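These come from Swiss-Prot:
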type     : residues                                                                       : note
TRANSMEM : 3-23                                                                           : transmembrane segment
TRANSMEM : 24-44                                                                          : transmembrane segment
TRANSMEM : 76-96                                                                          : transmembrane segment
TRANSMEM : 108-128                                                                        : transmembrane segment
BINDING  : HIS155, LEU156, LEU157, VAL158, TYR163, HIS168, PRO169, SER170, TYR171, GLU209 : S-adenosyl-L-methionine binding site
TRANSMEM : 174-194                                                                        : transmembrane segment
BINDING  : ARG205                                                                         : substrate binding site
Amino acid sequence: MGNLHTSIAVASICLTSAFLGCVFGLGFFVWIIYGYSIGGFFAFLSLFHLLEFYITARFQGSQLSWDSFILNNGKAYWLAMLVGLLECLLSGGKSFAKVINCLRFPSFLINFIFSVYQTSALGFLCLGQYLRSSAMVQAGQSFSHIVASKRNKDHLLVTDGIYAYVRHPSYVGFFIWALGTQMLLGNFVSTLLFSLVLWKFFSQRITTEEAYLVSFFGDSYEQYRKKVPSGIPLIP
């Protein structure tokens, strides 16, 4: 959106923050008071985008712009979220439960499995957000929402903290968080589709990004890659 230090850019950021804050508050209220999971979905979704901007402002200030909300995350991102919402609305939030019902389990077991599924959704959302935010904070100026094709002077190879356990904690975090959004909605089909599409996306992105990282850091990155997993299943 151009230079951050213009009245239009600042106004846009203020309005976007206010809008996301309202969505979070309303969604959280509907979720907690009325028990509608769709409210929780919007609360976690708006919080994610608010934190993307806040952490960028706090730890990657030189990169800050309206784009840091990553609301322009591509048509595929919003289409996927829309499909998830439609599945939830059409199934009454019981898509997963209906699939389990087809297995002819006893009703108490079906209720238990569905309860575990939705409880796991909260775990996925919180864990995913934690990993994503922690990765951005620990990487500092070395973090970027866009794959860097050229090394900047502030770009360092971060191998400690959360990066000592997985090479791409921000991707792992987003992967887990995105699955959590669909699990919270009680979706079955969208959860599977998200898993497949995100795996393919990150497989390609990691391959591209690591080619650049090897060119930036040479053998240091090669050795790091041998010792630490990517964090996403079936992606070495």
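The backbone N, Cα and C atoms fix where each Cβ goes, glycine too.
Sequence-distant contacts of the transmembrane segment (174-194) (same chain, six or more residues past either end, CB-CB distance under 8 Å): 37-38, 40-41, 44-45, 48, 80-81, 83-85, 87-88, 91, 93-99, 114, 117-118, 120-129, 131-132, 202, 232. The secondary structure of LEU157 (S-adenosyl-L-methionine binding site), as reduced to three states from DSSP, is coil rather than helix or strand.
Distance between Cα atoms for PRO169 (S-adenosyl-L-methionine binding site) and the residue listed as 'substrate binding site': 14 Å, as a whole number.
Checking each of the binding-site residues HIS155, TYR163, TYR171 against the residue listed as 'substrate binding site' by C-alpha distance, the shortest gap belongs to TYR171. For the binding site of S-adenosyl-L-methionine, formed by HIS155, LEU156, LEU157, VAL158, TYR163, HIS168, PRO169, SER170, TYR171, GLU209 according to the record, the largest Cα to Cα distance is 18 Å, rounded to a whole number. The Cβ of TYR163 (S-adenosyl-L-methionine binding site) lies under 8 Å from the Cβ of ALA135, GLN138, ALA139, PRO169, VAL228, each on the same chain and at least six residues away in sequence.
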